[in-house]
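Quick one: structure below, then a few questions.
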Amino acid sequence: MSYNINTLRLPPLPSIRDLVKLYKLRALKQLSQNFLMDERLTDKIVRAAGRLTDHHVCEVGPGPGGITRSIIKKAPKRLIVVEKDPRFLPTLNLLQESCPKELQMQIDIADITRYNLETAFGGAPKMEWTHSLPPIHLIGNLPFNVSTNLIIRWLEMVSQKSGAWAYGRSSMTLTFQKEVAERMIAPPSSKQRCRLSVMCQFWCDVNYKFTIPGTAFVPKPDVDVGVVTLIPLKKPLIDLPFKLVEKVVRTIFNTRQKYCVKGAQNLFPEDKREDLAAKLFILADVNPKTRSFELSNEDFVRICYAYNVLCEECSEIADFNFRATKFENIEQVL
Ligand code: SAM
C-alpha cells in the first residue's frame, strides 16, 4: 500500500559545505562523483521514469541521496540503492530510518557491475515479455564511464531476459554524457550514428528526455548530461546471440566513414577476406558501398543474419576475432 507523501519528513540533503568537508571534493572529482543538489532536477529525472507508486526501484549510485529522496516521494513499494562508496552509508542510513514503514528501503554497498539484480528484485511480480511492463525500474546518475559500460552489459541481459529482465521488460532511466546520449538515439546518416546507436535500438525503445547543464552538478563536470529512458522492445529487431551481433556491428563501425564492406572484411581471416565480405553483402542484400554510418537498423539485421549463416557454414569464421589485437577498450570504439 502506498503512503501519504504530505506527511513524509526526510532529513535534508547534506549541504555542499558538508559534502566538501565529509567527502573532500577534490577526491570526489577524481572519482567522477558529480552530485545533483537541486531538488527540481532530481524530481524531473524521477518523473521521466514514469509511475513508481507501489513499484520496485533500484537506484544505482545514490551518493548523498538527492535522486533517492525524489524516488521516495513517489511512494515505491521497495527501493534498493546500490552504492560503491561506503562513505555515503551514514547519510543513506539516515534516509532509510526516516522512510515510512510501508517502504522497504535496502542499502547495498556494492559495485553495480558485479551486482545480481535478479536476486535483488526477488519477490517482485514477473510479467510475460510481450505483456505490459513489470513494476520494476532502474534509475541512476552514475559516472560516465560506468554508465556507458553498464548499458552494454544491461543490453546483453535484456537480450537474454536475465537479471532485472528475468521479470519482464523492466525500464531504465539513466544519465549519460550528452554526446553519448545523442549517440544512443542517433538515426542512420546522422553525425552521431555509431555502434551504441544500433545496439540500443536493436533491443530498446530509447528516448532522450532532456539535457541537464554541467553547471547543475557539484563539482561541475566539463560536459552536459543527457537523461535517457530505455524500455526493452516487445519484439527486439534481432534474435541472434548478443556477442555475435556486437562483433558484427563493432567491426563494421571501426571504419565508420568508409564503405561498409571495408569494415566487414575484418570479420574474416585475411586470406579469404575480400571474397567472404562480398558474399556477406550478397546474402544480406545490402549495398556494400553504403558508408557504415548510413546503414539502417534493418540493414544491420540482415548483415548479422548473413554473417550467422557464414559462421554456421565454417567454424573458422565464427572463431576469428580481428579485434582481439586491435581494440581492447570499449571507449575507443564508441
Ligand atoms: N546519484 C547521486 C546524485 O545524482 O547526486 C550521485 C551521482 S555521482 C555522479 C555517481 C555515484 O555513483 C557516486 O556516489 C559513486 O560513488 C557511485 N558509483 C560509482 N561507480 C559505481 C559502481 N560501479 N557501483 C555503484 N555505485 C557507483
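The backbone N, Cα and C atoms fix where each Cβ goes, glycine too.
OK, TrEMBL features for this one:
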- ASN34, LEU36, GLY61, GLU83, ASP111, ASN141: S-adenosyl-L-methionine binding site (BINDING)
- 41-234: domain 'Ribosomal RNA adenine methylase transferase N-terminal' (DOMAIN)
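Give me the lay of the land around each of these features.
For ASN34 (S-adenosyl-L-methionine binding site), other Cβ atoms within 10 Å of its Cβ number 21.
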Return the maximum Cα to Cα distance in Å (whole number) over the record's S-adenosyl-L-methionine-binding residues: ASN34, LEU36, GLY61, GLU83, ASP111, ASN141.
20
Let me spell it out: for each of the binding-site residues (GLU83, ASP111), count the other Cβ atoms within 10 Å of that residue's Cβ, using every protein chain shown. Which one has the most?
GLU83
Other than its own, how many Cβ atoms are within 10 Å of the Cβ belonging to GLY61 (S-adenosyl-L-methionine binding site)?
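Cβ-Cβ neighbours of GLY61 (S-adenosyl-L-methionine binding site) within 10 Å number 23.
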Over the domain 'Ribosomal RNA adenine methylase transferase N-terminal' (41-234), what is the model's mean pLDDT?
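Mean per-residue confidence for the domain 'Ribosomal RNA adenine methylase transferase N-terminal' (41-234): 96 out of 100.
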